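A short worksheet on the structure shown next.
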Amino acid sequence: MLKRSMNIADYDPVLWQAIQDENLRQEEHIELIASENYASPRVMEAQGCQFTNKYAEGYPGKRYYGGCEYADIVEQLAIDRAKALFGADYANVQPHSGSQANAAVYMALLNPGDTILGMSLAHGGHLTHGASVSFSGKIYKAEQYGITSEGLIDYDALRKQAHEVKPKMIVGGFSAYSQIVDWAKMREIADEVGAYLFVDMAHVAGLIAAGVYPSPMPHAHVVTTTTHKTLAGPRGGLILANGNEELYKKLNSAVFPAGQGGPLVHVIAAKAVCFKEALEPEFKTYQAQVVKNAKAMVKVFKQRGYNVVSNGTENHLFLVDLVNHGLTGKAADAALSRANITVNKNAVPNDPQKPFVTSGIRVGTPAVTRRGFNEEDVAELAGWMCDILDSMNKDNHEQVIADTKEKVLAICKRLPVYP
């Protein structure tokens, strides 16, 4: 029998310890992985609610199971808030992840073997934008565009490539691009070749919601995003569109029943909370600070002699090219991690290293900004990171790591994730 008093600590102490250790890790480490963030206690409360128990196949008002009247309220709340947040006529809040949202868009608009044109993973795209190891590169004929040696999208080259390969869909969006994307230009190119423009805005959705990064909504046929990352919600996906009922029906059918069964109603409840939080005025302040912090960090890295891909950032992330310092991304990632600074290794343009080694690191500011870091704090942090990188392969490396870790623990104590 079930009792409210049941808990993990008594029943499964090994699992409980892992949870406690992760809580401590998050509090005592500075999180600079661009795709990570901290969900609010309200989001986590919703995700742990009793909607965990409810099957709700179908959509609000059209369910295959009974007892869905409250699930309908929750899902409709999430839909309405998502539409208001991004200026969309249509929203599907059921995708379990960003990748599943993307898969649904492909299924709705393409046939197997159709040509897609997306940004290369090695140049800052995403697995689902046509990488050979992804469904997007296996089911569809994937062509890839890249960035210049300066780290920028060459729209003239993209136009030429689109006219040559004649894609059914052009995919916009990225996982490691630090500049503004010209969505209008991409739509112009798509229209020239009769292609759909599909934008995956997962990395910058929070910035877009706050108005600090241009929205693709006026230009794209369909837009997807994750609900974590800069949106700081639960892990999940979202599809948005401004079009017509025929398009919306195709998208709905591609999510359910084609791609998924029952939605995760407890996660949809958490998405509803996330969207409400993102509609608050303080969310705009937070997102503006995310960009300010990224720019402040870039300034320090450049002053210390490190190359930043595209020479700067206009969003929440940037790539540090370590080639001229003779370092690999893998080694830099490991060294910073020992000082409780978490980044991820990342390929840079024309990277001479293998994908699991790389010549760069990706740095993002959503999580550190969420816990209260300002420009002064992140500038100091960037200096500590440069100290560690400068000391690699030198006699004082271990001491620099030890000294930096002390500073990291002190600032984490001053600015806790969950005070």
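Don't overthink the numbers, they just go from 1 along the chain as shown.
Backbone N, Cα and C atoms are what each Cβ position is placed from, and that goes for glycine too.
For Leu121 ((6S)-5,6,7,8-tetrahydrofolate binding site), the same-chain residues 6+ apart in sequence whose C-beta sits under 8 angstroms from its C-beta are Leu127, His129, Ala131, Gln144, Ser175. The (6S)-5,6,7,8-tetrahydrofolate binding site annotation in Swiss-Prot covers Leu121, Gly125, His126, Leu127 and rests on sequence analysis.
Other C-beta atoms found within 10 angstroms of the C-beta of His228 (site 'Plays an important role in substrate specificity') number 25, with every protein chain shown included. The site 'Plays an important role in substrate specificity' annotation in Swiss-Prot covers His228 and is backed by sequence analysis.
For Lys229 (N6-(pyridoxal phosphate)lysine), the same-chain residues lying six or more positions away in sequence with a CB closer than 8 A to its CB are Ala34, Ser35, Glu36, Asn37, Ala202, His203, Ala205, Gly206, Pro366. Under the heading N6-(pyridoxal phosphate)lysine, Swiss-Prot lists Lys229, citing sequence analysis as support.
Listed in chain order, the residues near the (6S)-5,6,7,8-tetrahydrofolate site other than Leu121, Gly125, His126, Leu127 are Gly118, Met119, Ser120, Thr128, His129, Gly130, Ala131, Ser134, Ser175, each with its Cβ within 8 Å of the site Cβ centroid. The Cβ neighbour count for His126 ((6S)-5,6,7,8-tetrahydrofolate binding site), using a 10 Å radius and every protein chain shown, is 23. For Gly125 ((6S)-5,6,7,8-tetrahydrofolate binding site), the count of additional Cβ atoms within 10 Å of its Cβ stands at 25 [all protein chains shown].
Cα separation, His228 (site 'Plays an important role in substrate specificity') to His126 ((6S)-5,6,7,8-tetrahydrofolate binding site), rounded: 16 Å. Taking all protein chains in view, 16 other C-beta atoms sit within 10 angstroms of the C-beta of Leu127 ((6S)-5,6,7,8-tetrahydrofolate binding site).
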